[in-house]
Amino acid sequence: MKKFPFLRSLRSRLTLAFIGLAVGPIVVVGLVLSFKSIHSLKNEAIAHQQIEAERIGIAVEDYVHELERVLELTSKAHGFLSLMGPEKENILEELIAYENRFEALTLVDSDGKELVHCNRIKVVSHSASVDHANDPAFQQVVKLKTNYFSPVQFNTVTGEPYLTIAIPLQSLQTGDIEYVLFGSARLKKIWDLLATLSHTDQTIFIVDDKGNIVGHPDPSVPLGGKKFQIPANPSGIVSGLNGSEVVMATKRLEFGEQSIYIVAQMEVDKALVLAREIISISSIVVIIALLLAAGLSSLVIGSIIRPLQHLSSVARTIQQGGLDQQVEYSQNDEVGELGQAFNEMTSRLRSTIENLEQEVAERKSEIAERLKVETALSNSRRMLRQILDTIPQSIFWKDINGFYLGCNQVFIEAVGLKYPELIEGKTDFDLPWPKEEAEAYRADDREVTQSNKPKRHIIEPLQQSDGKRLWIDTTKVPLLDENGKVYGILGVYEDITERQRAEEEKQELEKRLQQAQKMEAIGTLAGGIAHDFNNILGAILGYAEMIRENLPSNPEIIGDIDQVIKAGNRAKELVKQILAFSRQSETEKIPIQPAIIIKEAIKLLRPSLPTTITIKQDIAPDVGTILADPNQLHQVLMNLCTNAFHAMEIHGGTLSISLHTKVLTPEELGDNPKIQPGNFMQLSVRDSGTGIPPEIRKRIFDPYFTSKEIGKGTGMGLAMVHGIVQSCGGFITFESQLGEGTVFHVFLPLAETLASPEIEALENIPSGKEHILLIDDEDLLLEMGKTMLERLGYKVTIRTNGIAGLTTFQNQPDMYDLVITDQTMPGMTGIDMSRRMLQIRPDIPIVLCTGYSSVISEEKINAMGIKGFAMKPLAKRDIAVLIRKVLER
């Protein structure tokens with residue numbers, strides 16, 4: 001009000017409000033109607049211009065397409081294609097003479113050479129021909145075989161715009177284009193149409209896509225080269241051709257790939273003249289309404305203000321103490337009601353005592369209401385207690401000093417008390433859990449109260465009053481008073497013993513899964529190196545056998561070579577054992593005499609041990625026969641002796657190996673109930689080393705477990721021994737004393753089958769004279785194989801890969817009696833090469849060799865037609881026997 005002093009009086013404010021309420025709606029309605037009228041008239045004007053543009057667009061399209069049809073009819077009439085040159089000229093001369101809407105007519109052959117050119121002034125025959133081969137219009141017609149419309153062009157002499165229409169003339173027999181007929185359509189003829197349809201307030205003109213005005217009611221506009229760019233939003237109020245605001249609409253016409261625009265425009269002042277008249281009328285109406293409202297408000301407000309002035313005078317009198325003063329009023333309106341209310345107010349001032357007595361009665365009612373509220377609060381507390389006691393989790397709350405303030409029934413039962421009220425005033429040290437756990441609980445409480453932050457999911461043990469140990473998940477939050485100050489904590493815990501046990505079982509299962517994955521990784525690694533390792537062994541065994549054949553009669557050297565061959569064969573079998581352990585191949589259990597294997601293993605072991613370790617052996621020669629793989633038994637002894645060596649590596653000692661027969665009764669097999677009592681072979685390996693610590697004795701047979709430093713053990717030795725012994729139907733035990741040593745006992749059941757004697761003779765090896773094609777990518781094996789086969793009497797041709805081998809065979813397939821090939825070779829595998837060879841010569845015998853493969857087997861290759869299969873490395877006797885078997889099949 002300070003900014004507008006004239007509004008201080010009620011009269012001024014009422015007057016202004018009255019005028020505003022009376023005139024405001026009229027102004028708003030007038031503005032809305034004016035705006036809508038202008039908007040409607042604007043849209044109507046745009047729509048009208050759009051209709052005009054569409055109408056002109058239809059006329060222009062008809063004009064251009066009519067000329068297009070004239071050219072098409074001319075090319076098809078009178079057998080135009082078959083007419084001679086002069087006859088074609090005559091027809092085109094007659095057409096341009098008759099049809100003056102064409103500026104020129106041109107006939108071009110399929111090579112672009114101009115044959116006839118006619119215009120309205122003269123005729124040019126082929127003698128003055130022009131080459132149209134590079135004309136874009138000609139190229140477009142020849143390429144698409146459709147009519148072509150050029151961009152709008154202007155006659156360099158007259159300045160008139162024209163549009164070239166090109167029509168392909170195709171052979172009826174072949175469909176090939178023989179001629180192209182060009183017609184330059186005059187657009188000046190459209191100017192007359194525009195002049196007829198345009199009027200003083202409206203202008204219609206035509207613009208091409210480059211902004212050139214090609215049609216206008218005023219010919220000087222297109223002839224003067226004036227340009228106009230179509231606006232981005234061409235429908236609406238925009239800047240017109242002359243720069244002034246116009247209501248505009250456009251119509252786009254497309255002729256082939258070319259576009260022109262029909263533009264219809266009208267000056268805004270002329271298009272919206274009715275809208276301006278509506279605004280003028282609305283303004284006059286508002287002014288008249290304003291004058292009428294001002295006069296009427298003066299009369300009405302005067303009748304209201306005068307009684308109010310009288311009321312104000314009486315109020316000042318009462319303020320000074322005249323409580324008997326009354327307001328005089330004669331009206332029955334709101335002002336009269338105000339005077340009546342004022343008089344009643346003074347009367348109430350006289351009845352103060354009665355009002356005070358009534359106030360006392362109301363106070364009594366409030367006290368009764370408060371008692372009712374307290375009863376409801378007590379009921380709510382009782383319900384809250386029931387809810388807390390129903391919740392299955394334990395709930396408690398303490399003060400900031402750690403004294404319990406309360407809890408629910410679940411918690412009170414856990415601590416061994418009868419009622420929750422009995423917990424009040426106690427601390428964690430008064431409850432049945434151990435002291436160290438109580439101290440841990442108090443430490444968590446202090447952390448929550450000091451940080452004023454919750455501590456969630458505290459996983460900790462808890463001992464109940466019955467002595468049962470639980471695992472609990474506890475959450476503690478601070479309790480705050482009305483000032484936000486911490487006065488205690490609220491705790492909730494849940495019994496997660498079963499969940500914890502399940503989590504531990506899950507971790508154990510994950511650990512076993514990881515161990516299984518490690519075993520799978522070992523299997524993958526074993527399979528990967530088996531091929532290369534067997535190739536190396538093949539070379540060692542092959543050359544060793546050839547050296548033995550060529551040696552003079554020297555028993556000592558021959559004995560050494562025999563040991564090399566025997567060790568190579570053990571290495572070959574060891575690869576089989578590694579693959580068997582990794583579950584990639586199966587082992588063969590045969591009847592064997594364990595004494596022979598054990599003695600042989602000891603002989604190989606002796607050179608690998610230092611002189612600080614003494615070997616003592618007690619091998620009974622008549623132990624009997626067991627069903628086992630000889631290499632696995634060899635491997636069991638070597639692993640046990642290697643462990644014994646590591647135990648005595650620093651200080652030396654004695655390694656004792658014994659082999660005897662033992663009869664085991666059911667009582668002695670108490671820890672192995674699945675094993676039947678009877679006669680057993682007992683192999684014992686004892687060392688005088690450091691012994692096995694008690695804490696790891698239960699884990700020594702676990703895969704990957706090792707107590708050795710990095711680089712001296714993989715944790716697989718004893719696990720492998722344990723697996724081999726179990727696979728043979730036996731069991732293994734051990735005894736150990738720290739500082740004294742360890743002894744392992746291996747028990748394997750004896751078999752009644754006699755062991756087969758080892759075949760060591762190299763005599764009577766079969767030979768032959770056939771021609772063999774030998775293929776292998778290992779040069780060392782290839783040369784060794786060639787020498788070995790040639791010594792057996794065969795003629796040998798060698799190749800270093802499958803592609804070369806296949807090429808050699810394709811050239812002379814009947815030259816070879818047998819093909820021996822490796823499986824894994826670069827470029828082409830042995831199977832792929834064999835398949836191609838069998839297509840060329842189905843009866844060719846083929847032997848497929850491999851160091852290792854998880855994807856082929858003897859059954860698979862036999863089904864393919866390959867007659868022989870061998871695992872590397874092969875001894876001379878083995879390959880010789882296999883060759884004769886395949887050739888004589």
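Cβ from N, Cα, C; glycine included.
The model shown is predicted, which means the values in this text are computed figures rather than measured ones.
Per TrEMBL, the range carrying the annotation coiled coil out of 213-243, 492-522, 647-677 is 492-522. Looking at 150-177, 346-373, 458-485, the range annotated in TrEMBL as coiled coil turns out to be 346-373. Cβ neighbour count for Asp822 (4-aspartylphosphate) (all protein chains, 10 Å cutoff from its Cβ): 26. DSSP assigns Asp822 (4-aspartylphosphate) to a strand. For the domain 'PAC' (452-508), the DSSP-based tally of helix, strand and coil residues reads 12 helix, 31 strand, 14 coil.
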